[in-house]
């Protein structure tokens, strides 16, 4: 009889993967909102709908279903009226006010992390409003400290056919990469108007970009040539994807690049964030220890022994004792300071009255005898 086959060991249950946060940035008019709309629809069709957050307080209509909308919390026009601000100042202030409650947004994302694989964040149209503001830094670091975070820089391909404009986009991309220090994907949008192959060639082939620049003879072209010598090493290795938010092409390749960027985050960026978090915690702990030690030294320099003042002539009283005995002490001090405390005032007055009375009687008798 054959021996029974031992049941295979159950596979270890895999821990749920945290969602990947996609931070969509780009200059005004590059098609960020349309890109988020198309990417949301693409992920819905793939059976993994994303968790969408809108951070643009000035947009009139959002063409995608937003789970969290900044307009529900902050009224953009009311902020402009109350603080007397212009459009950009209103956006910055609205974003600052929203950033003060971003811990609640993080709680919502944590609750939904087992349901959603992607978190899409659509940022304001003005790129500098989010990238170079304190609120943008707070939001980016809050996301990156808890979830795999990837920056998607949406670039208008049709406006980058000029080498100078292309270099301006690359300068923006490198500045965001330097500021966020997160995995980075350059999304060349509007490929339905013009193919993005020329831009990819300029990014990866320095000589091809120099040949295109040689056709320009302006001062700006010379500046662009100098900048390309410095920045070529940075943007030549960036991930590049060409998409069309209108037609919907290129999003499968984008999802592949997002997966690769999330793996890079877990491999390189998360250990760095953990190290920074640990060093910050150690610095705070050391600061607290120094404050406690300083407080202990300050307390040690003060005499806390109640027996230490026994030998002094004037005893030390509590504030309550001083309040209750103030009148008594003042009277005692006045009596102690008097120079006539050793004289009996009653005896002195009687001794003065007797000779005065005798003098008065003698004068009266003498006056009576004269008149007689």
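Backbone N, Cα and C atoms are what each Cβ position is placed from, and that goes for glycine too.
Just one residue in 160, 338 has phosphoserine written against it in Swiss-Prot, and it is 338. Geometry remark: residue 191 (GTP binding site) versus residue 88 (site 'Stabilizes the phosphate intermediate'), CA distance 30 Å.
On a Cα basis, residue 88 (site 'Stabilizes the phosphate intermediate') lies 19 Å away from residue 31 (GTP binding site). Cβ packing within 10 Å was compared across the recorded positions 33, 88, 189, 191, and the lowest neighbour count falls to 88. Cα spacing between residue 29 (GTP binding site) and residue 88 (site 'Stabilizes the phosphate intermediate'): 16 Å, rounded to the nearest whole number.
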